[in-house]
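Chemist: What follows is a structure written as structure tokens; I'll ask about it next.
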Amino acid sequence: MSGAALGLEIVFVFFLALFLLHRYGDFKKQHRLVIVATLLAWYLCFLIVFILPLDVSTTIYNRCKLAVNSSPAESNGSYVTLAPSKQKCFKPWSYIPDGIMPIFWRVVYWTSQFLTWILLPFMQSYARSGGFSITGKIKTALIENAIYYGTYLLIFGAFLIYVAVNPNFNLQWNQLQTIGIAAANTWGLFLLVLLLGYGLVEIPRSHWNGAKRGYLLMKTYFKAAKLMTEKADAEENLEDIMEEVRKVSESIKYNHPLRKCVDTILKKCPTEYQERMGRNMDDYEDFDERQNSYPSEKSLAKLHKQVIYSVQRHRRTQVQWQILLEQAFYLEDVAKNESSATRQFVHTFHSQEPENKIIQYFYTPTVEWYWECLLRPWFYRVLAVVLATFSVIVVWSECTFFSTKPVLSLFAVFIQLAEKTYNYIYIEMACFLTIFFLSICVYSTVFRIRVFNYYYLASHHQTDAYSLLFSGMLFCRLTPPLCLNFLGLTHMDATISHRKAQPTAYTSIMGSMKVLTFIADGFYIYYPMLVVILCIATYFSLGTRCLNLLGFQQFMGDSEMTSDLIDEGKELIRREKRKRQRQEEGENRRREWKERYGNRDDSTRSRAVHTDQKESSFSETSASRPLSKYTRSNGRTERDRIELLQDAEPLDFNADSVNDDPLESDLGR
């Protein structure tokens with residue numbers, strides 16, 4: 001089993017990252033380089049979280065092996081470890097051979113750092129650029145990132161000059177590498193504590209509020225009112241941009257040098273606008289540079305950038321509005337079905353998407369009623385209590401993990417108890433649950449936060465390329481300090497535990513933080529205590545109240561503005577519900593009409609076809625008979641047909657005699 005667990009987790013994490021990226025990104029419309037770069041960033045960060053417990057169990061086994069093979073004097077001097085017996089020091093099932101983990105961590109870490117500090121910022125500017133060629137987009141990206149890269153180069157150059165001039169410093173390459181790692185981890189830890197303090201409180205509270213149907217419904221009404229405002233703003237913005245595109249398209253004709261740029265812009269417009277502009281185009285006019293003023297390529301690139309942004313925003317608001325309507329209708333159905341005597345869940349509207357037959361077989365209306373109306377609220381309450389317990393343990397451990405005698409960090413206590421018995425399964429499960437909960441608190445905050453319309457991770461394939469790349473940057477910067485914080489909580493980091501024990505392979509590539517003592521003994525230890533203040537601020541919704549005072553409407557139960565938005569959203573949902581009901585009633589009437597009169601129409605149509613066949617067969621048989629016997633009658637029939645097909649002359653009723661056959665009278669004359 002050596003290395004098998006590592007291989008399985010590598011494959012599993014890849015498909016997990018691919019699934020999440022498919023949920024938020026759009027593989028068909030977004031650029032392949034954006035998808036690949038974001039997938040690689042997410043994959044490496046998730047991989048670190050899943051592989052680190054294996055590194056911990058392997059390190060504990062290596063410590064045991066060193067303690068058993070060394071003499072008592074060496075055991076007491078070089079390694080301060082528990083005195084195990086040879087029977088307890090057995091190889092774990094997930095043991096990773098020596099030499100693999102250091103290389104693995106070095107490749108993963110430096111690849112993620114290259115992505116977050118160099119490649120992804122460049123690709124962000126490239127994705128938002130409105131250039132019409134690869135060279136133009138690269139040029140724009142380089143110009144936008146010149147200040148970004150220049151600031152880091154200036155700081156690094158000043159630091160190198162200071163080290164070279166100061167005789168007290170005698171730094172080598174490894175120490176400079178450690179300083180760079182420490183600087184990146186310090187920046188990540190600063191942001192990590194902010195996100196962690198929010199997630200430790202908000203995740204249990206959101207699950208507790210998820211058991212309150214009335215709360216969820218009111219919040220959905222509130223979201224509907226805000227989303228309708230954003231949707232109307234997006235539609236208005238798109239109309240203005242399309243009007244500018246129309247003017248540019250009409251001014252730049254087919255033989256203009258910039259017409260290719262205009263065609264590129266038109267391809268990014270919605271289909272209905274393309275058809276409307278195509279009908280009003282008259283490209284058979286020559287252009288005259290002396291009479292008309294034409295836009296420059298730079299202004300067209302700016303317009304191209306605005307078109308991409310406005311179309312993406314309009315599409316996102318349309319999809320989110322439909323999803324929010326389905327959520328509101330479903331929550332209203334749950335409120336109605338709670339008092340149902342039949343205990344069968346009845347939907348107001350049928351699902352527009354075809355459901356899986358297996359799910360329909362097991363998830364019957366009765367099962368759905370018991371789950372939605374009885375079991376789900378209690379399940380969410382129990383889950384909220386469990387998550388709140390984990391949050392309290394994390395906050396306590398963050399404030400006490402620097403204490404080694406006695407050991408106050410609960411996570412360190414759990415790991416040390418398992419280390420005495422060498423229960424590797426328990427060690428890996430405890431480590432995995434701990435770092436997984438920390439990751440959920442941090443990563444979920446990254447998925448929830450929204451910086452106006454510049455950064456927003458929207459599900460159902462509605463996230464733009466800029467937000468995807470920015471999320472990859474955040475993950476790569478947050479994951480290394482998150483793992484170091486986890487190792488500090490469990491006292492697996494020698495800098496925290498002050499034990500001369502074999503370090504984990506992950507901390508070995510980070511280098512010794514003793515090079516910067518004020519960071520190793522100060523910032524890394526005492527800054528995480530601020531998570532207590534952030535948790536208190538999140539519990540009392542201080543950030544939400546501040547945003548509400550600044551004019552950004554947030555959901556607050558005791559706010560008059562919130563009540564007005566809830567009423568507005570409720571009316572919007574009611575209006576959409578009536579519209580959906582009228583559509584379904586119309587479809588039902590058409591379906592009933594087809595079922596009632598469809599057979600009759602089919603029978604009438606078949607009788608008409610049968611009559612035509614009889615007439616055609618009769619004419620064929622009559623034509624095959626002797627013509628001499630039916631000469632007069634056939635001629636009469638032919639003349640009748642001629643009167644029907646041609647305009648016959650009107651009869652003169654004042655004449656002395658009226659002949660029944662006007663053709664015969666003509667022949668007589």
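One-based numbering along the chain as shown.
Note that Cβ sites are derived from N, Cα and C of the backbone, with glycine treated the same way.
Summarising the annotation, TrEMBL assigns transmembrane segment to 6-21, 33-52, 103-126, 146-165, 177-201, 378-396, 425-446, 523-542. The coiled coil annotation in TrEMBL covers 224-251. Under the heading region 'Disordered', TrEMBL lists 576-669. Positions annotated as compositional bias 'Basic and acidic residues' by TrEMBL: 582-617, 635-644. Taken from TrEMBL, the feature compositional bias 'Polar residues' applies to 618-634. Under the heading compositional bias 'Acidic residues', TrEMBL lists 658-669.
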Chemist: Considering only Cβ pairs under 8 Å, which range in 33-52, 103-126, 146-165, 378-396 makes the most contacts with the transmembrane segment (177-201)?
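Modeler: Counting Cβ pairs under 8 Å, the winner is 378-396.
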Chemist: Residues sitting near the transmembrane segment (378-396): Cβ under 8 Å, six or more positions beyond its termini, same chain?
Modeler: 196, 200-201, 203-205, 207-208, 210-211, 408-411, 437-438, 441, 489, 531-532, 535
Chemist: For the transmembrane segment (33-52), give me same-chain residues lying six or more residues beyond its boundaries with a C-beta closer than 8 angstroms to one of its C-beta atoms, as numbers and ranges.
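Modeler: Those are 6, 9-10, 12-14, 16-18, 20-21, 25, 27, 104, 108-109, 111-112, 115-116, 119-120, 123, 127, 431-432, 435-436, 439, 465, 468-469, 471-473, 475-476, 478-480, 482-483, 486-487, 506, in sequence order.
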Chemist: Short question: which residues 6 or more past the ends of the transmembrane segment (6-21) have a Cβ under 8 Å from it?
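Modeler: Residues 35, 38-39, 42-43, 46-47, 50-51, 54, 94, 96, 100, 104, 468 contact the transmembrane segment (6-21) from elsewhere in the chain.
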